[in-house]
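Quick notes on the structure that follows.
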2 protein chains.
Amino acid sequence: MNRQTLEKFYRLKLKKPLKSSAKRSLVVEYFMNRDRHFSVEELYNEIRKMNFKISYSTVYRTLNLLTKLGLARECIFKDGMLRFEPVHGPKHHDHLVCERCGKIIEFEEPKIEKLQEEVARRHKFLVDWHRMELYGLCAECRKKEKL
Amino acid sequence: MNRQTLEKFYRLKLKKPLKSSAKRSLVVEYFMNRDRHFSVEELYNEIRKMNFKISYSTVYRTLNLLTKLGLARECIFKDGMLRFEPVHGPKHHDHLVCERCGKIIEFEEPKIEKLQEEVARRHKFLVDWHRMELYGLCAECRKKEKL
DNA sequence: TAAAAAATGAAAATGATTTTCAAAATCAAA
DNA sequence: TTTGATTTTGAAAATCATTTTCATTTTTTA
């Protein structure tokens, strides 16, 4: 998604003008290159490392904007810290989180999604989003555990 | 669980002495009467409403203590705020969260748990805890929506 | 009962996120 | 284009839930 597309999209969705901005484009560009969840700090550091001057305010602001537009999604794990992930179409994935090394593995399990829908129906609940996280030890940390 | 049991348990588990304390017992007592997740503020207010003088520090400290002992469990929903729930044996439940009215409904679905175990096995992952939350509109809010 | 250790509350510290505000950048339109 | 209006920006301040500090009080132990 390029700058013009984003601006058009924004105008349509939020019915407010949006001025073109190099800084925001920078954040959007780096955001688009991500395919997994990331912390704000991670994105901020990545942009900084490339020698672009930018502030946390702008990174937060842009990510919140992308979330309002439905292009990003917040995901808060057990540590309570805000993370974002790009929304690629309707396919949803869940997470395995290693409590020792912090590694996060994504997975999909359509059979679980089916059962979730069933639970929702049972409660007459209309689900628009869900999350599922399994916390424990990853394969590597289990190996180390045994030594 | 009474005061002595808690203290014995604590000594065994954390190998440190624990002095008896009326304030802590108060928090433990009110905690034990809960059977669902609650925010720290809720518990604090409940105790205050009964005309007991207590500080947030003590409430937080006691809940953290109970968590270390495995009697309470933290659960952080999408709003990022810390909540606790009592751990009643090994049975785990998941949540339906209404994004309009904030209501939280608990449910259990053993078939989902089975599938989760399968996913974990596939990734050679050892799960010790999980959470699953479905966000959307509850039955009542859907009705209102339609009016 | 005295000395040692732990618990308490108030206030300060923390740390992630948001807001404020003055200056800079962008846009619209004359 | 220049003007004037509006938006964006970054730095610093504000926020807000949670944790820590520390002086005081309470409990325990000897």
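Easy rule for this one: first residue shown is 1, then count along the chain.
Yeah, the Cβs are placed from backbone N, Cα and C, and that goes for glycine too.
Automated prediction, rather than curation, is the source of TrEMBL annotations.
B:HIS130 (Fe cation binding site): 21 other CB atoms within 10 A of its CB, across all protein chains. Summarising the annotation, TrEMBL assigns Fe cation binding site to B:HIS92, B:ASP94, B:GLU113, B:HIS130.
For B:CYS98 (Zn(2+) binding site), the number of other Cβ atoms no farther than 10 Å from its own Cβ, over all displayed protein chains, is 20. Look at TrEMBL and you will find B:CYS98, B:CYS101, B:CYS138, B:CYS141 tagged as Zn(2+) binding site.
Counting every protein chain shown, the Cβ of B:CYS101 (Zn(2+) binding site) has 12 other Cβ atoms within 10 Å. Checking the binding-site residues B:HIS92, B:CYS101, B:GLU113 against chain A with a Cβ-Cβ cut-off under 8 Å leaves no residue at all. Under 8 Å, Cβ to Cβ, and six or more positions away along its own chain, B:ASP94 (Fe cation binding site) finds B:GLU106, B:PHE107, B:GLU108, B:GLU109, B:ILE112, B:ARG131, B:MET132, B:GLU133, B:LEU134. Following the DSSP three-state reduction, the secondary structure of B:HIS92 (Fe cation binding site) is coil. What surrounds the Zn(2+) site, by Cβ distance within 8 Å of the Cβ centroid and not counting B:CYS98, B:CYS101, B:CYS138, B:CYS141, is the set B:GLU99, B:ARG100, B:GLY102, B:LYS103, B:LEU137, B:ALA139, B:GLU140, B:ARG142 from the same chain. Secondary structure at B:CYS141 (Zn(2+) binding site), as computed by DSSP, is helix.
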